[in-house]
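Read through the structure below, which is laid out as structure tokens, and then see the notes.
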Amino acid sequence: MNQEIMNLFNPTTPAQVFDQIRISIASPEKILSWSYGEIKKPETINYRTFKPERDGLFCARIFGPIKDYECLCGKYKRMKYKGIICEKCSVEVTLSRVRRERMGHIELAAPVAHIWFLKSLPSRIGLLLDMTLKDLERILYFEYYVVLEPGLTALKDRQLLSEDEYLKAQDEYGQDSFTAMIGAEAIRELLRGLELEKLEQTLRAEMQETDSDIKHKKLAKRLKIVEAFRHSGNKPEWMIMTVVPVIPPDLRPLVPLDGGRFATSDLNDLYRRVINRNNRLKRLMELRAPDIIIRNEKRMLQEAVDALFDNGRRGRVITGANKRPLKSLADMLKGKQGRFRQNLLGKRVDYSGRSVIVVGPELRLHQCGLPKKMALELFKPFIYSRLDAKGLSTTVKQAKKLVEKERPEVWDILDEVIREHPVLLNRAPTLHRLGIQAFEPVLIEGKAIQLHPLVCSAFNADFDGDQMAVHVPLSLEAQLEARVLMMSTNNILHPANGQPIIVPSQDIVLGLYYVSIMREGMPGQGMTFGNMAELEHALHAKAIHLHSKIKYRWEGMNEEGKIAKRWIETTAGRVMLGNLLPKHPRVTFEVINKLMTKREISGVIDQVYRHCGQKETVIFCDRIMALGFYNAFKAGISFGKDDMVVPAGKWKIVDTTRTLAKDFEQQYNDGLITHGEKYNKVVDAWSKASEEIAKEMMKEISVTKKTATGADADINSIYMMSHSGARGSPAQMRQLAGMRGLMAKPSGEIIETPIISNFKEGLSVLEYFNSTHGARKGLADTALKTANSGYLTRRLVDVAQDCIITQDDCGTHLGIKMRAIVDAGTLVASLGSRILGRVPCDDVRDPATNAVLVKAGTLMEESHIDAIQQAGVQEVKIRSALTCELVNGICKMCYGRDLARGTPVNHGEAVGVIAAQSIGEPGTQLTMRTFHIGGAAQLNEQSFVESNFEGKVVIRNKAIARNSEGHLIAMVRNMVVTIVDPDGTERATHRIQYGSRMHVDDGDMIKRGQRIAEWDPYTRPILTEAEGTIGFEDLTEGLSISETLDESTGIAKRVVIDWRGTRGGADLRPAIVIKGKDGKVLKLARGGDARYMLSVDAILSVDIGATVKPGDILARISTESAKTRDITGGLPRVAELFEARKPKDAAIIAEIAGTIRFGRDYKNKRRISIEPVDKTEEAREYLIPKGKHIHLQDGDIVEKGDFIVEGNPAPHDILAIKGIEELAAYLVNEIQEVYRLQGVLINDKHIEVIVRQMLQKIEVTDQGDTDMIAGEQVDKIEFDALNAKAQEEGKKPASGNPVLLGITKASLQTRSFFSAASFQETTRVLTEAAVNGKIDPLEGLKENVIVGRLIPAGTGASMARIREVALKRDKLILDEREKQAAIVPSQPEPQPLALPPAE
């Protein structure tokens, strides 16, 4: 201890070294051991002398001197008296800094409950004592007595008595016959009387006996807290305080303002209240005041202490003089302004500045322009030291003067200092790691920072007044990291998807597009040129045009690396572009011998990077930027009013659509269609019309016109801008020259009347008014979106922050299967794009020859992917973060390629944070609205399956019938069509919908692109399996069925209506039956009668007495009604998936494979059970609300995981029924869907990393012989450790299932309480951690930032690994010594110790 105290005064001593931090409840003895003295008076400082009052809140005797090495009365001054205590004022002569470290205490006259343990839910005191919070408060706030010892009276233990009852009982039983107390003393006695070991045994026994689920949960909660107290060494009575610690005075300062007033920290006010009330209570006790007065004073003391610890948690908030709530100790930690987030996780730093940015087109990619004034200020200390070294100044003062006068030699020295000293530029908001990059500064005049145009997209910067901050890395290590890791030239690829991020945009794209245009009939067409000089000469002489078709002799490089010449047909502009390409055999002229749009340019940069490396790419990018800017300026592209071409056929389309809309209106008025249908149809018609007009306009704009000479005319400027990807989109062009189209209301509904005019024609007043509606919502949305997206990113970072690459290989054989994603016949994501940069679990083989294409454990590069795709491999099983078996972090093999570098991932890479940033950063581009689907949006519903391969058709679970029309119809739900190669390899499998019309049969040969089956996506059929005549049951006109005549077609259709509401209809069970010749209901082959139950809204397709064949449709249920549901899209959907929330109308999923049986209806629910195929399992039963449509019939066979009721599946159900792999596939696909819609590319592995973090907990199903409690959620690591221990001791291990936690919940339940407390719900997290005596092993990033260390990632990880190796080696040596020591006694003479050599 003395050493520590001595270290306090030596500012150079290293900080205490520690590996972990433990938090627990402080006992009164502990608080006293921290304290340097008791505070007895509420006074702070004397207002005349400004000296602290003795024994007050700022007392110098307790907390230390105010001035360094000077006692209060001034008797002892200076260093020589260090450590002496002045006999006059009792102040120790030492540094005033101790006033930040020394604590005091207040001895309370009556015990007080700690509000965190009382009120923070669940109440810890309440759980331990098994009392409700209400009762506890009644005792604590002196309303009721509690019986501690009933003695021989009729009172019960822990019975509550009001004042009157207490007095009555005393009269009745006599004063000493029982003990009852009131207030915190009573609770303290109760807590002290708990025998935890006994209590634990009782609770475990009760849990074994109880059958009620609720009771079991309650007991488990209590048991958990009892165990926590037993194992942590905390005593329950410590939750009641007798001593309050007082924090050091310099952490709650009192600052004199001018005018004799003081500014003070709120804590001083709160402490003052506590001291005042405490002193008053002491005095009242000495005076033997009446009980009621003392009791009131005790209650007030309790309230004062409550307010000090957590103001406003109970009762009303205590406010200061200006009606502002006082900030208590808890508020100091909580929220964005609290200690954690404001000071520990984010700090303001020196050596930084900020200024407006302007474009710097003449900079190189690794440079930024730094204003001289800023540089001078930022590098001041460096300049001083250099001035001193050169002998230009002898003192700092002198150097300061030189710099202030800005002498010429200072500028020379600044140049020297800045050379090769990178600076960091940061643009807020820093949404991903590319928001901070390092550049070499170039000194410039002026006051604005110059930024290279190509890095703008990484910073998301533009030059409309954006500001950026500059930071100077000081130490050599920091400079090294800035240069090697953060230099803009080292960040060419986007960490989210591995695409180049240094991509030209806007003017540069337009210039490059213009250069690469080829036009027919330009001057000099067909001329040939041998080299660049000839070409430039001809261009200057205007003999040829930039766009003329010419022949050119191109010097490329062949595979051997030698120069190879060949003739190519191209244009002069493209040759200029081609000359910038680096020479490489793989990068040919064909790469740029086409029209360069933004996408093409990105592709070229990608190719150059993959083949020629980083340095060449950077040089190439700088060059094409210069070329692009120059040509954009030379081309002089601008646009006028006539460039917006209104298509000729516009009004014709508008008129037809108008008549259509009128027809729909008329049909609605005649009652043929509902309002909803009319709305959908009208909206549909108008959106089709505006699409058509847009097509027409694009056609007219994009066609190249001819001039009088027969040459191609200039391309339309607007089309050039949009087509090149420089600015504007077809949607914007449509509004300029087509028609503006439909507008949305703020609710997201679409207004039926469209805006027919475009901006060129101008809008009418009504149209303008309609359009303001949606536009205003758009702006409001953007503001909300930014906040929501930021919050999502914060939650993601928090859940994944401790996910780091820690080892090379975890050696697992598990993985997840990847296949191409196909939607409605179009390829959404190819297999290659999904497995690039991943590691296969097993050898990837050619399906035709069975040759190994990629060995297991190889990182798949582009070359491997080409081979895999050519061989036509359908599915590859790859290693994934989800299946990685490491305890801490993820291994290199399971992660694969580091997307930002294109190489295998490095040790210590913080992949969790990268994943969080990659998912969160595009969040601002996602939409916020929920789409109301109806009309146009459902036309892309998939309604057929076609084959992507040639081969033979094999049908599993076959059940096909030929219906009356002679078509083949699929009769079961689990039929699978497989396409097989001639040599028997499966190439593709398709699940066929029930009621589909089959185009192929078992054993047919099929061609690529041929349809296998098709179905009507808008209805669900009910098919007959038997041949016979139709009979109706319980189908009574007006009661359970109603007939409507469709006037437009003249056909009557009969619809089943809700029969339950009608009189006498409650017991009806409407159905269609198939009767045989004898008029009896037929029996089906699979068991049961040929009776088909009908649900509400089913439309009948047959009449009584009609004959039907198997496969004929008896009735259909329109899914149209289900389709116009709101689909949550954009950000809310992503958040919903990551939070693992249960969707509103969740699907019901079959938990086992089996046969459907309809049971007896239960109230207003239908009962369905599944008879399992596997007889060892028990049947499952589901209750389904009657309004929901069940598309299954009695006797249908379902597979495990099939939907019984349609809807969005709840992720928890998928995990429970189908397992982790299916869940991962579902989450990845659903999240990717949202991002794909916005055109954002994110690699699957990022989502997998987050999902891994969501699956860290296991729910114990059977505790075995371990200490775990059934139903509790345990960390995977803890679960495995406890099980391993149990197995070692020969006990029965526990079993459990993985649980899926939402990201917020997962963050709050991490192993590190520091990380959780700094995230959300700080008080709750800290309370729980303290009760459990939790230890934070400081493994993640956040915890280490909080305690002020290097993070264990990146360069900080290597230090951690070195330490680990050293510890292992030490352990080996110690073990060896112990072994030797054990052997020694049995031998006669002592042997020298043999030590292994140090590594």
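Placement of Cβ uses the backbone N, Cα and C atoms for every residue, glycine included.
According to Swiss-Prot, the feature Zn(2+) 1 binding site maps to CYS71, CYS73, CYS86, CYS89. Taken from Swiss-Prot, the feature Mg(2+) binding site covers ASP462, ASP464, ASP466, and the record attributes it to sequence analysis. Annotation comment: Swiss-Prot describes CYS810, CYS884, CYS891, CYS894 as Zn(2+) 2 binding site. Residues or ranges marked as region 'Disordered' in Swiss-Prot: 1379-1399. Residues or ranges marked as compositional bias 'Pro residues' in Swiss-Prot: 1387-1399.
Shown here: features listed in Swiss-Prot, placed on the structure.
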| residue | record | contacts (Cβ under 8 Å, 6+ apart) |
| --- | --- | --- |
| CYS73 | Zn(2+) 1 binding site | CYS86, LYS88, CYS89, VAL91 |
| ASP462 | Mg(2+) binding site | CYS456 |
| ASP464 | Mg(2+) binding site | none |
| ASP466 | Mg(2+) binding site | VAL356, ILE357, ARG427 |
| CYS810 | Zn(2+) 2 binding site | CYS884, GLU885, LEU886, CYS891, MET893, CYS894 |
Winner by Cβ contact number (other Cβ atoms within 10 Å) across the binding-site residues CYS71, CYS89, CYS891: CYS71
Densest Cβ neighbourhood among CYS86, CYS884, CYS894 (binding-site residues), 10 Å radius: CYS894
Near-site residues: Zn(2+) 2, ref CYS810, CYS884, CYS891, CYS894, CB cutoff 8 A to centroid: GLN807, ASP809, THR812, ARG879, ALA881, THR883, GLU885, LEU886, ILE890, LYS892, MET893, TYR895
Cβ-based neighbourhood (8 Å from the centroid) of the Zn(2+) 1 site, residues CYS71, CYS73, CYS86, CYS89 excluded: LEU72, GLY74, LYS75, TYR76, GLU87, LYS88, SER90, VAL91
Cβ-centroid neighbourhood (8 Å) of the Mg(2+) site, ASP462, ASP464, ASP466 excluded: ILE357, ALA461, PHE463, GLY465
Three-state secondary structure, which DSSP defines for ASP462 (Mg(2+) binding site): coil
CYS884 (Zn(2+) 2 binding site): secondary structure state under DSSP, collapsed to three categories: coil
In three-state DSSP terms, the structure that CYS894 (Zn(2+) 2 binding site) belongs to: helix
